[in-house]
């Protein structure tokens, strides 16, 4: 698959370049600073990718890159959260990137595949019925009664989640007939290795993954404290959803290589697999 990658000079993006190549993809690196990418990527990686100089907030430039290099899929890892009083970049990038992909899909008559980075806070807070369904047990909830859902982020300070919430609002509003999107919902990501190198084969991630809710959510006694209990549980659990940058990169590259529809139109949650899971 020919993949255009936004944000290749970031911590996740630079590792995703290596993962995409390992899974057999052809990679177009769309970056604002080609020199920065050249300084970060080893020669073995640089020689196997195409570099396109452009701004991730420029939809027309993105469309030009996609057209010229016949890209089938897009991965957006560009941008960072900023201080609340500054202009939010993530939503600008998500809007431009998604619009470019939608427009190209309409030109071709086939929607593009696209994955966007979002936050763990956009996943739903797990209900007991979710855990039972994951274990293959029947829910005891009354039939045809929709339970109200709150997101993980609704139990956290607004400034911590609002920028990812904006990304979700933009992407979630796009019909799947226009864009085959996925939101990759992550918490803290840490490196497994300091630098990157050309991989001779994929480095399997072994992550727990679920749609819409975080996998293997721990239940804590503090959740029973009135008013603040659930917020305390959420805060205590967040560190447990720290993942490795290389593992998230491999998940994305693997999903594109498989060409599966499993995660299309889904928010995906992750947790590092522990022994016995």
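Cβ coordinates are placed from backbone N, Cα and C, and glycine is handled just like the others.
Look at TrEMBL and you will find 135-144 tagged as compositional bias 'Polar residues'. Here TrEMBL flags 7-102 as domain 'NAD(P)-binding'. Residues annotated as region 'Disordered' in TrEMBL: 129-150. The feature signal peptide is assigned by TrEMBL to 1-19.
Sorting the domain 'NAD(P)-binding' (7-102) by DSSP state (H, G, I as helix; E, B as strand; all else coil) yields 47 helix, 15 strand, 34 coil.
Per-residue confidence over the domain 'NAD(P)-binding' (7-102) averages 95 (mean pLDDT, predicted model).
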